[in-house]
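Only one structure is covered here, and it is reproduced in the block below.
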Amino acid sequence: MSRPERLQPGVKLRDADKVSRIPVKVVPSERETMLRKPDWLRVKLPSSSQRIDEIKQALRSNGLHSVCEEASCPNLAECFNHGTATFMILGAICTRRCPFCDVAHGRPLKPDAQEPKKLAQTIKDMKLKYVVITSVDRDDLRDGGAQHFADCIREIRLLNPEIKIETLVPDFRGRIDAALDILATEPPDVFNHNLETAPMHYRKARPGANYQWSLDLLKKFKERHPDVPTKSGLMMGLGETNEEIAQVLKDLRAHNVEMLTLGQYLQPSKFHLPVERYVPPAEFDELRVFAEEIGFTHAACGPMVRSSYHADLQAQGKEVK
């Protein structure tokens, strides 16, 4: 049996090429077998606007990336028009192959040492008051990218002293304590790490990740920074039950997580995991009530909710659906 061809740095693998070597194979969906989107998910998206064009141009001119574009987020137009964006640092190539995610897989390029300064200047030019900084998984880096996160936070605050910063971090697999030591030098205003789904679905949805590791990351950060809110997000529609999701919410609270986002999974292409169920808005409302009953201070639950969707409003405690 021949070895698989070695990936070249900077080459993006998507769709079938991306998911070809995951433990639970994804069978490409046929159109006639795909669930029809219900009316509550039919959102009319504007093709463009001056604000959308301005933000895209600012990103392009500085060589920056937004997860809004790279992950094909359905809320891109709304968020860009609102003047918010979630910046994706450390490149646009992930070392993982999660079959729910539309971000490309491959061998990433070396981190751009100038990215923290370019990011800070772009945020200043855009006059943003609240930003979310996330990244691809960088298993190729000894610290998982933690130092780059800290550098970005420091540079952003130097140019934007009044800004609030939320970080949506990867799991720093195998290097949690080292990563947290680094992040302690520049802690964010909100610390976010997504569990994504219930543990029994990790093998098919999050190959390479571990449910308990992710919970431990959130708990250990909170122990070090008790005044910084911790946050996590989940998708629904991957085959989980509401009872399984309720147990995940209990696990999050047991690990001192205070903020929650819960939204509907949408299949990016026929090569990604299929949607097994569209969850009605009423069920999201029921889970929001349950989350608040067990102690979450903020719970944004609804079909179109994403981890960074109106993150500024979530942080203010305003209701987001």
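Keep in mind that glycine also has a Cβ here, set from the backbone N, Cα and C atoms.
What Swiss-Prot records for C68, C73, C79, S308 is [4Fe-4S] cluster 1 binding site, and it gives sequence analysis as the kind of evidence.
Sequence annotations record features per position, and here Swiss-Prot assigns domain 'Radical SAM core' to 80-297 based on sequence analysis.
What Swiss-Prot lists as [4Fe-4S] cluster 2 binding site is C94, C98, C101. Neighbour density for C98 ([4Fe-4S] cluster 2 binding site): within 10 A of its CB lie 22 other CB atoms from the protein chains shown. DSSP classifies C98 ([4Fe-4S] cluster 2 binding site) as coil under the three-state reduction.
Those residues of the chain, other than C94, C98, C101, with a C-beta within 8 angstroms of the mean position of the [4Fe-4S] cluster 2 site C-beta atoms are R96, R97, P99, F100, D102, V103, H105, V136, D137.
The binding-site residues shown are C94, C98, C101; of these, the one with its CA atom nearest the CA of C79 ([4Fe-4S] cluster 1 binding site) is C101. Non-local contacts of C94 ([4Fe-4S] cluster 2 binding site) by the CB criterion (under 8 A, 6+ apart in sequence, same chain) comprise C101, V103, A104, H105, G106, P108, V136, D137. Counting only the Cα atoms, the space from C98 ([4Fe-4S] cluster 2 binding site) to S308 ([4Fe-4S] cluster 1 binding site) is about 19 angstrom.
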